[in-house]
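Trainee: As annotated in Swiss-Prot:
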BINDING   Cys29, Cys54, Cys114  [4Fe-4S] cluster binding site
Amino acid sequence: MLSDQVTTAELHPSAPLTECETGIYHTFCPISCVAWLYQRVEDSFFLVIGTKTCGYFLQNALGVMIFAEPRYAMAELEEGDISAQFNDYHELRRLCVQIQQDRHPSVIVWIGTCTTEIIKMDLEGMAPTLQAEIGIPIVVARANGLDYAFTQGEDTVLAAMAQRCPDWTPDRTATQSTSSPPLVIFGSVPATVVSQLTFELQRQKVEVTGWLPSARYADLPAVGEDVYACGVNPFLSRTAITLMRRRRCKMIGSPFPIGPDGTRAWIEKICHVFGLETTGLAERERQVWSQLEDYLSLVRGKSAFLMGDNLLEISLARFLIRCGMIVHEVGIPYMDARFQAAELHLLMRTCEAAHVPMPRIVTKPDNFYQVQRMRDVQPDLAITGMAHANPLEARGTGTKWSVELTFWQLHGFASAKDLLELVTRPLRRTH
């Protein structure tokens, strides 16, 4: 169950209501998650099983040259595969044996695509047999374009990896040096952010027993009934459900550590659940904000419009409002209101403290109507997908690609300056 979980109805008498539109939605395909996940799991190899279109996307959109030899590849489905003329198992076995000989990974991750869904390819059935034959773990994740947003590809992969985590046993507690319960943090972030967030929690006497994903597959954290889990990204609701229902972890429902305010709230919530008093956290946040004054003076009083692309929009809106901006609308492809309840609560409190109205929250936004609303409010900054950036720039609105925020360091106290540096670039350009 969610520890101290706040439901939407409990947030406030005037709790934020989300509107839902049904417009055509434009985003990257979730198979793009391999671009950052293969860097996080250093001994992995990702095999995307799809069509030529998937291969073109990975090669062109992600900007990776063939000679760079990244640790992911395409298993291209041909006419014979789709018409069942070829044996899927034999073809995948041939590829996995070649990967084993050439790259020596500790784990192979099969990424299913739209085509494998449509032709009902039994990846989950083939993987156990093949991994027993070649002696390498094979994790199956269906990160296809049927999801709402491309970041949900990571959610699918982490949910699959959560099933492979070892079981937590009580005797493991004997090795812990602190009195805090075992805690697993889930979400893919750079190694520097892992170190920073782990250090911040250690300063509050909270010991992190593991991260999902881990840098090495063999180091996946142990999970079970006595283990608490907490996420760092708002698009990981499927992973949270897997950890709660399948692995019986206790989920800590918290805001996400994006921006100094979010990082402080994230740490405070974990400490509150563990019955610990925080020390020096408010002063730590104040120091960070004071160091950002040059950027804050640039954004203060400016307005923003988030069209919606990567499910980070609620957290980003809260951070921008805390920086002194006015956010007119938050478009978001999909929102798990239960998983983001604490973040919504923090957004409301931030708006109340800043004496600004709550932004309009629209799920599955219709881009045509969004552009009309944007024309009415004339925002200074639009955080948008790549498809709309140039037209909006031509109309005089500064834009920032939301996909850049996905690859940027957003989490923790130390990343606040980098985040503002990225967001303020279009404002400095037009200033």
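In case you wondered, yes, glycine gets a Cβ from its N, Cα and C as well.
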Trainee: What is the total of other Cβ atoms whose distance to the Cβ of Cys54 ([4Fe-4S] cluster binding site) is within 10 Å?
Mentor: 23
Trainee: So which of the binding-site residues is most packed in, judged by how many other Cβ atoms lie within 10 Å of its Cβ, out of Cys29, Cys114?
Mentor: Cys29
Trainee: List the other residues in this chain whose Cβ sits within 8 Å of the Cβ centroid of the [4Fe-4S] cluster site residues Cys29, Cys54, Cys114, in sequence order.
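Mentor: Other same-chain residues near the [4Fe-4S] cluster site: Pro30, Ile31, Gly50, Thr51, Thr53, Phe57, Thr113, Thr115, Asn144, Gly145.
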Trainee: Going by DSSP, is Cys54 ([4Fe-4S] cluster binding site) part of a helix, a strand, or coil?
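Mentor: SS state of Cys54 ([4Fe-4S] cluster binding site) = helix.
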